[in-house]
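Each remark here refers to the structure printed beneath this line.
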Amino acid sequence: EPGENFSLNLIVLVFFFLVVSYIEEENSEFWRSQARKTLQAALDRKLNTNVARNILFFLGDGMGLTTLTAARILKGQLENQPGEETVMTMDTFPNVGLAKTYSVDFQVADSAATATAYLCGVKTNLNIVGVNAAGRNGVCRTQKGNEVTSILKWAKDAGKSVGIVTTTRVQHATPAGSYAHSASRTWYCDADMPESAKRDGCTDISFQLINNTDIDVIIGGGRKYMTPTGTKDPEYPTDFFSNGERKDGRDLIKEWQNLKTGKVAHYVWNKRSFPLSSPALFEPGDLRYEEERDPSMDPSIVETTEKAIRILQKNPKGFFLLVEGGRIDQAHHAGRASMALHEAVAFDRAIAKGLELTEEHETLTVVMADHSQPLTFNGFPFRGNSILGKSPLWAGDMLPYTTLMYGNGPGHKIVNGTRPDIRNVDTKSKDYIQQAAVPVDTTTHSGEDVAVLARGPMAHLFQGVNEQNYIAHAMGYAACVGADLRHCEGQTAPPLVHTTLKYNKNGAGAVSASAALLGSLLSGLLAITILM
C-alpha cells in the first residue's frame, strides 16, 4: 500500500539519520568544532545598550527547567529528529539568568504572587495580585493603599501602546498582574466576591480590566465574566456553564465598546472576524489546548501574537506586550505531560514569530517562567527515545515507568500496594496522565529557580541569580519607563531614594519604614560594638 510504503521509507530515513549522527558524534573533532563556534559567537557578541523602544515579554506559566528541556526534545522529535540536540527559539537568546520565585509568605509561590513580582517589581503574598505584601488573601480592606502598578501601566503612561495575549482567561493571575489590584486572584467577576469585599469598596478583576488602564490589545478567553448572569454564550448557547456570570447586571463588553467610541475598536469572539479586529475573547473561560482547538474558530498563540504585534507596532513610541503561554501550567496541574509540552512548543513558535516581526536593535525580548511544576525527567532512556515514552529500565517492582513523572498529582494510583502496569498503555497520548509519587487532585507548583532569557537592548541586565521582582525594574530601565529614567538620560549613578515614614492604618504591614530604619541603626551599632 502507498501509505505503508511511505511510513516504511520515513522510518528508514530516520534510522539513517540517527546512524550518521551517532557516528559523527563519536569523532572528537565534532564536539571541538561545535564548541569553537559557540565560543567565537560569545567573543563576537557586542552589548546592545540602546533604549528599548519595544518590550516583548513572553511568560511560560509553569515552564520550569524540566519542562524547557522536555519541550526541546519533543520539538525535535515532532520534526523526526532524535530531539536532544534540537535548538528552541528561546535557546538562541544570548543572555540567561535565574529568578528566585518564592513569595513573601510561602516557599513555593503561585501565579498571582509571581506576576506581581515580575510585572510590578514588588514581591507579595500567595493569591494576591497587584497588591504588596501588606495585603491579606481575601481581605479587601488590606488592599486599600497597598496597590502597586505594573510595567504595562508604566509603558502606557510613557505614551506606548500596550497589550496582553494569553491562552487562559484574560482575568487569570498572570494577565491580571498587569492591570488589576485584588486581594484575591479568584475575584474574576462580582459573583466571585464575598459581599463584605463589595461593601468595603473592592471591585472584581473583569471590571478593572476595562477601567484601570486603557489597554490597546486584549486577546484571550474569559467572556463569561464580562456579561450578566444567564446571558447565553454566542458560541455555546445551550451550555449553561458558558453563560454570563455577573450578578450586577453589567455588560462589560458593551461598556468597553462605549469607552472606545470614536476609536477603531471591535469586540470579536471567533477567528472568522479576528483578522478585522483587535480585542478578542475566544472562549467563555480559558482557551482550548493547542492539541484540541478548532483551527476554524480559535487562533493559535502564534496567530494571536502576530495580530497583537501588528496592531501595537503602529505606535511610533513603541509598545509593551505580555504574551502568556498559560495552559502549560494547567496541563501540568492535570498531570498531562504531553499536553503541557505541546503547549510549550507552541509557545516557542510564538516567540519565533515575535522575533520575526520586530528588530533586535530596538526590541527587548524577555522569556521566563513564573514558577515551575513537580515534573521529573529520569530513567536513563536511550538517545532519541520518545520523551513521552518509557524508560528501558524497569523499577524494583518489575514494572515499567515513563521518562517523565510527577512528584505529586492525580496520577498516583496504587491498587493493593501495586502501581499500574503500563506495558500496553500508550503513554504518548495527549490524554495520558503520568504517574505521581504523592496523591493530590492537582499538582502543586514547585519552588526551584526559573530561567530568564533575554535579547535586545540592555539584555545583559538579565544575568545571574536575582529575585524575581528585579525583572520589572530591569525592563523598565531598559525602556525608560517607570520611575528610573537614567538610561535615556545617560546616567548610571544610583538614583536618590527618599524614604517616607508612614503609619499603616490597616495594621497589616510586614515591616514599616521606621522599623527598617531602626533595624539598620541597631545593626550599625552592633557592628561598631563588635569592632571595638
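Here the Cβ of each residue, glycine as well, is placed from N, Cα and C on the backbone.
Residues annotated as transmembrane segment in TrEMBL: 6-23, 508-531. For ASP61, HIS172, THR174, GLU324, the entry in TrEMBL reads Mg(2+) binding site. Look at TrEMBL and you will find ASP61, ASP329, HIS333, ASP370, HIS371, HIS445 tagged as Zn(2+) binding site. Annotated active site, phosphoserine intermediate per TrEMBL: SER111, in sequence order.
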Surrounding CB atoms that lie within 10 Å of the CB of HIS333 (Zn(2+) binding site), all protein chains: 21
Site with most surrounding Cβ atoms, counting all protein chains shown within 10 Å, from the binding-site residues HIS172, HIS371, HIS445: HIS172
Count of other CB atoms lying within 10 Å of the CB belonging to the residue listed as 'active site, phosphoserine intermediate': 25
Cα within 10 Å of HIS371 (Zn(2+) binding site) - qualifying recorded positions among SER111, HIS172, THR174, GLU324: SER111
8 Å Cβ shell about ASP61, HIS172, THR174, GLU324 centroid, Mg(2+) site members excluded: LEU59, SER111, ALA115, THR166, THR167, THR168, ALA173, PRO175, GLY325, GLY326, ASP329, ASP370
Spatial neighbours of ASP61 (Mg(2+) binding site) that are distant in sequence (at least 6 apart) but have CB under 8 A: SER111, THR168, THR174, GLU324, GLY325, GLY326, ARG327, ILE328, ASP329, GLN330, ALA369, ASP370
CB contacts for GLU324 (Mg(2+) binding site) [other CB atoms within 10 A, all chains]: 31
CB contacts for THR174 (Mg(2+) binding site) [other CB atoms within 10 A, all chains]: 27
Between HIS172 (Mg(2+) binding site) and HIS333 (Zn(2+) binding site), the C-alpha gap once rounded to whole angstrom: 15
Cβ neighbour count within 10 Å of ASP370 (Zn(2+) binding site): 31
